Structures are given as C-alpha cells and as structure tokens.
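Pulled from TrEMBL:
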{"type": "ACT_SITE", "residues": "H20", "note": "active site, tele-phosphohistidine intermediate"}
{"type": "ACT_SITE", "residues": "E110", "note": "active site, proton donor/acceptor"}
{"type": "BINDING", "residues": "R19, H20, G21, E22, S23, Q24, G25, N26, R82", "note": "substrate binding site"}
Amino acid sequence: MSPHLNTKAILPKRIILMRHGESQGNLDGAAYTTTPDYQIPLTQRGLAQARQAGARLRDVVSETSPDCPDWRVYFYVSPYERTRSTLREVGRSFEKKRIIGVREECRIREQDFGNFQVEERMKVIKQTRERFGRFFYRFPEGESAADVFDRVSGFLESLWRDIDNNRLHLDPSHDLNLIIVSHGLTSRVFFMKWFKWTVEQFEQLNNFGNCDFRVMQLGSGGEYSLAIHHTEKELREWGLSPDMIADQKWRATASRGDWNEKCPWYLDAFFDRLADSDDSADDEKYDKTNHKPNCCFSSSSVDEL
C-alpha cells in the first residue's frame, strides 16, 4: 500500500506564477530569426530583474504566522533558456534547506510561434491575430492559446495529483509555496483554467511584465484567491472586471468546493433567462391546452437532422 493513501493532503499556502526576466527577444524581435525561441537568453537587465524578483519572492513566502515560523518552496520551471536563467537568479535568495525541489515542466513552456521567425512576416501574422482573436488564432507551424490551454490543463491535473498524494510536502509544520517560473500567456491561461474564466475574460487580461508575479494564496475556507495578497487596484490593472474581482474576494473566505451563486459567468452569461422555480419552468415547457411539450423540433425535423 502506498504510504500516502492514509495521509491527508496538505495544501500549499501559496501558488505563485512568475514571468521570466527581460530576454533578448523582448529587446529585439530580430533575435528570433537566427535563434530558436527556446534558446533566447536573458539580457543583463533581465538577469538583474530576476535577482531582484528573488528577493521579493522571499519576502512574500516568509510572511508566516507566529504559530508556523517555518516555510519551504518548490519550483516548477519551463525548459526555455530564459526561464531557467531566471530561476537560477531567483534561487540566490533562498537557502538550500528552504528548497524542497525543482521540476522542469514542458507543459508550461511558451506558446509556440513557429520555428525560425521572419520578422516582417511575424508582424503581418500578429496583425492577423488581432483581427481573428488572440485565444483561437493558431500561428502557422505553431500553437493557439487554446492549444496552450489544453497542455496547461494536463499540467494542472498532474499538479493536483502531486498535492493530493503529498509528493511535494510531507511535513505539516512547514508552509509550502509552489513557484511556477513560466511565460506571460501561459500564466494567463493557467489562471483562466484555474478560476474558470471565459475566453472573453481571457482576452481582456493584460500580460505580465518581465519578472512580475501573481500570488494565489490559500484562503480561510480552503479556496485560492488573488485578492488576499494583491489589492483591488492591482487586479483592475491586470484586466480583471468588477465581477472577476468580486469572485476573487469571495474566494478569500469561501469553503473549498462551494459554488459562488453570484458569479455571473457560471450561468447568467450563457442564458437569456432562467426560470426561478420548477413551476414556472413547467409552464414554459408544456402547452397548457394540449399538454404537449413545446419542442422546437417536430418528429420530421428531428429525422432530417
């Protein structure tokens, strides 16, 4: 029998998503014409940003309560050169005993824009993406954000299995912090999947700055929320709507698994009107005179379908 089967899962106190530091590609788009995207390095400024971000991250995760003075971190990192270099600089702010482990995770890599990228052609392609829509537009020889969503979903399933089986964290006296060093779009897709945001909501989100990070913190009821560590002003600046911000505030104290009945995109965004009771629904469904369903298809039309 597995030693984890009778052990209660210990939830991480924080799950933090961080974008890499400034890369050569951020500075000069021509870099992609000669260097594969996964090999694009950080600039000197990007290295400095990563070191500074490491100090800020340490400040965040060391904010513990008096009854739990110990804490640990576990890192996930995209396999790209710029994310691995960012992690290396971030790690300078942590003692070895604080780091439980590090895992390279291919599913949190950058959106694939194709192979070597011809600069002028990419400008035209990105203009087309703006007209088509960022989420569904698939780059020639590359991915759409929808494709990234699929692989991030697989990563989240693995992450929850690791959490449920306590593979990352066995000592209940330690606060566990998961830090995911990834890319801007991938991180936004991660939040979209986690918080069940719609495609329309995703399209309104602003990208992370280089070495910016977002902190999902465990609330008192067992749900994760961005509103515990971050201010409402920050959430607005990132592109969250008032409804999305209200949901984050609800999550800060909600019990794990509860349904937010006031969350408009769970139901209201998909229907013109829902009946308030079973009786009113029955009135709409059945013809009172003939006692027949008011079905939009006749038997013949169904056969034709």
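Any Cβ shown, glycine's included, is placed from N, Cα and C.
Note: TrEMBL annotation is automatic and uncurated.
Structural mapping of features recorded in TrEMBL.
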residue: R19; record: substrate binding site; contacts (Cβ under 8 Å, 6+ apart): S182, H183, G184, S187, N207, F208, G209, N210, C211, D212, F213
residue: H20; record: active site, tele-phosphohistidine intermediate; contacts (Cβ under 8 Å, 6+ apart): L42, G46, A50, S78, Y80, R82, T83, S85, T86, V181, S182, H183, N210, C211
residue: G21; record: substrate binding site; contacts (Cβ under 8 Å, 6+ apart): L42, T43, R45, G46, L47, A48, Q49, A50, A53, R82, S85, T86, E89, N210, C211
residue: S23; record: substrate binding site; contacts (Cβ under 8 Å, 6+ apart): A31, I40, P41, L42, T43, G46, R82, N210
residue: G25; record: substrate binding site; contacts (Cβ under 8 Å, 6+ apart): A31, Y32, T35, D37, I40, R82
residue: E110; record: active site, proton donor/acceptor; contacts (Cβ under 8 Å, 6+ apart): D37, Y38, S78, Y80, H183, L185, T186
Task: Using only the Cα atoms of R19, H20, G21, E22, S23, Q24, G25, N26, R82, which the record gives as binding substrate, return the largest interatomic distance in Å, rounded to a whole number.
output: 15
Message: Same chain, not part of R19, H20, G21, E22, S23, Q24, G25, N26, R82: whose C-beta falls within 8 angstroms of the C-beta centre of the substrate site? Give them in sequence order.
response: L27, I40, L42, T43, G46, T86, N210
- prompt: When you measure from the Cβ of R82 (substrate binding site), how many other Cβ atoms are you left with inside 10 Å?
  reply: 29
